[in-house]
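As written in Swiss-Prot, here are the features:
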type: BINDING; residues: 9, 41, 73, 87; note: substrate binding site
type: BINDING; residues: 9, 10, 17, 88, 89, 90, 98, 123, 124, 125, 126, 127, 128, 129; note: ATP binding site
type: SITE; residues: 17; note: site 'Transition state stabilizer'
């Protein structure tokens, strides 16, 4: 059984994230979506809310588990005996940054590899930052996020 982890802040989870999760769920026995608490970011949704939104978004995927974490990713990888780290890369800038993290994670986990998945073309422009910006300017994000996220955003707007 191959277990992979897909870490991120997912603030909020987007259809681009869902693309990576769904494709990973086909490729691997188990996918753990690890929702990170990042003290250097001011999130739109707190950690518990983000975990819940991801859970609601992946409920149809039987081999996907969602966890929240505020530890070093390498520690989570070692504790859960993860086989590989999944990262989505949209641009060459993403690739350069993720390559640095992959080298560090490989060192800190005694060899666990990072696998880079580009998004399908349909979602190559979508990011949580863009979704938040559109939402904060009262734009329509309904085609960019799962239904549970849209409901949470609409509730937040009231």
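Heads up, the Cβ atoms here are built off N, Cα and C, so glycines get one too.
Not measured: the values here are computed from a predicted model.
Taking only the Cα positions, the spacing between residue 128 (ATP binding site) and residue 87 (substrate binding site) is 15 angstrom. All protein chains shown were included, and the count of other CB atoms within 10 Å of the CB of residue 98 (ATP binding site) stands at 17. Cβ neighbour density within 10 Å is lowest for 41 among the binding-site residues 17, 41.
With 9, 10, 17, 88, 89, 90, 98, 123, 124, 125, 126, 127, 128, 129 listed as the residues that bind ATP, the site has a largest C-alpha separation of 18 Å. Separating the Cα atoms of residue 98 (ATP binding site) and residue 87 (substrate binding site) is a whole-number distance of 8 Å.
Once Cβ contacts within 10 Å are tallied over all protein chains shown, the binding-site residues 9, 124, 128 are led by 128. Sequence-distant contacts of residue 89 (ATP binding site), defined as residues of its own chain at least six apart whose C-beta falls under 8 angstroms from its C-beta, comprise 95, 98, 116, 117, 118. Looking only at the binding-site residues 17, 124, 126, the one with its C-alpha closest to residue 87 (substrate binding site) is 17. Comparing residue 17 (ATP binding site) with residue 73 (substrate binding site), their Cα atoms are 18 Å apart once rounded. Of all the binding-site residues in the record (9, 41, 73), the one with the smallest CA separation from residue 124 (ATP binding site) is 9.
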